[in-house]
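See below for the structure under consideration.
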Amino acid sequence: MTITTTNNGNDVVALRVQQQNLEPKRSIGNGTGIEDLDDDGKPRRTGSTLTASAHIITVVIGSGVLSLPWCIAQLGWVVGPIALAIFAYITFYTSSLLADCYRYPDPSSGKRNYNYSEAVGTFLGQKMKMACGIIQYVNLFGYSVAYTITAVVSMVAIFKASCFNKRGSADTSCTISNLPFMIGFGICEVILSQIPNINELTLLSTIATLMSFTYSSIGVLLSINKIAKGNTGKTTLTGVEIGPEFSAADKIWSTFSAIGDIELAFSFSLVLIEIQDTMKGPAENKKMKVANLISVTTTTMFYALCGCLGYAAYGNDAPGNMISGVYDPMWLVVLANVCIVVHLVGAYQVFNQPLYATIESWSSKKWENSKFVNHDYSVSIPGFKNKKCHINMFKIVWRSCYVIVVTLLAMALPFFNDILAFLGATGYWPLTIYFPIAMYISRKKIKKYSLKWIALQSLSGFCLVCSIAAACGSVRGISKSLASNPFKAKN
């Protein structure tokens, strides 16, 4: 069900939509006072720098952090940490440029752009808006698939830990299919997907953020424990060494894939405008820049700890998922995997709410007279006096179908690292680099071939080359995984 609760009999204006004037505002009951509305006539936003930081950390620290020891293993002690630092700075810089594109023409008091593609359309035109929308929503769909795969890997690890504890680690009966766990995760997301919009996700996002810090810290502790015991793998300045079982071509392709994983680890721009649209005005851009700084600094510190300590512990044989396959101490590993699952449940929703809102806004305009699409049924909540929930049949059906499709695709492509690298490669450059820089050039009216224009275009070109290389590496990795074992997850 799509639910909005109300108190003391005072119903509120229906769901805030992302695109201005795409969906008529529906008022039920006594209405909303003018003091409860923002300058654009929508329900007053209450988000802060802290809540925005929580949303960003929720979507950033997730699948990416678990693969960082593997990334450092491919790149080595020299290139690995440098790559982390470079992409962290680039991401912070371009996200700050993007924060100034929320309003137009003045970044502090102009007309609002309610989502990323709308901002691109305002600054770069309708063709670019359409291209941005396709890239953004395909990537949101892809992240949903990746998060489903990651959550299931952790669920399987929890089951195996429990099984090993009862029967011993050599018991082959602990092997289990991923499919039941994927179905269970999908059912959970079908239910949570009925939360109306991103404004209602603050509690879930906060819990998910705490979970991300918890399992990242556990990953660091596990690495420190392994290092303290002296049971570490071999590390080198250049990473995995070329040998009989690892050719020069393999080295090149794995390096490309590692770059894609690092790009993914810093990809949050595709929901940045939507998060900024939850913030209380005025001057949301200044608050958002602080939130970006807090988020990027925090995540980079955790990334460096997880990646470098993980590589120091496991060496060149670092696994694709730093917690998967580790069972000592068992209780701590189980706790880490539980935190991963809880975090990804929340991150899944934060990523998909912009997609939900866009489709629902478009549908509301397309079928204005359809009761199935636009009518909300008011239902009293048993045990709660003067509280109601509003049920929309279209939202129930379409959101549920979306989660089902994501779950089915996750069953078909259970290849962790290569899926992550492909998502990072295809989404990072256009959404994190190209569009923010292009909008900044347009807003500041920077002259073509000026020194600043050349510097910005050089930055964009560098990231484009990295993304193309990462995409090639990830496609090769997916092809090899499908050819060797199409039904076994790569943990």
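Using N, Cα and C of the backbone, Cβ positions are placed for all residues, glycine too.
What TrEMBL says about this protein:
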REGION    25-45  region 'Disordered'
DOMAIN    45-477  domain 'Amino acid transporter transmembrane'
TRANSMEM  52-76  transmembrane segment
TRANSMEM  82-102  transmembrane segment
TRANSMEM  137-159  transmembrane segment
TRANSMEM  203-224  transmembrane segment
TRANSMEM  293-314  transmembrane segment
TRANSMEM  330-351  transmembrane segment
TRANSMEM  396-413  transmembrane segment
TRANSMEM  419-441  transmembrane segment
TRANSMEM  453-478  transmembrane segment
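Contact check: the transmembrane segment (203-224) against the transmembrane segment (396-413) gives fewer than three Cβ pairs closer than 8 Å, residues 6 or more apart, which falls short of the contact criterion.
The transmembrane segment (293-314) makes contact with the transmembrane segment (52-76), as judged by at least three Cβ pairs under 8 Å among residues 6 or more apart in sequence.
If you look at the transmembrane segment (396-413) against the transmembrane segment (137-159), you find at least three C-beta pairs under 8 angstroms, all six or more positions apart, and that counts as contact. Here the transmembrane segment (52-76) does not lie next to the transmembrane segment (453-478) in space: the count of CB pairs under 8 Å, restricted to residues six or more apart, is fewer than 3.
Listed by sequence, the residues of this chain that lie at least six past the ends of the transmembrane segment (330-351) yet keep a Cβ under 8 A from its Cβ atoms are 55, 58-59, 61-63, 66, 140, 143-144, 147-148, 150-151, 154-155, 157-158, 161-162, 164-165, 185, 188-189, 192-193, 195, 198, 201, 204-205, 207-209, 211-212, 214-215, 218-219, 221-222, 271, 323. Note on the transmembrane segment (82-102): residues 68, 71, 75, 112-113, 119, 122-123, 259, 262-263, 265-269, 272-273, 276-277, 284-285, 288-289, 292-293, 296, 299-300, 303-304, 307, 432-433, 435-437, 439-440, 443, 459, 463 of its chain, located 6 or more positions outside it, place their CB under 8 angstroms from a CB of the stretch.
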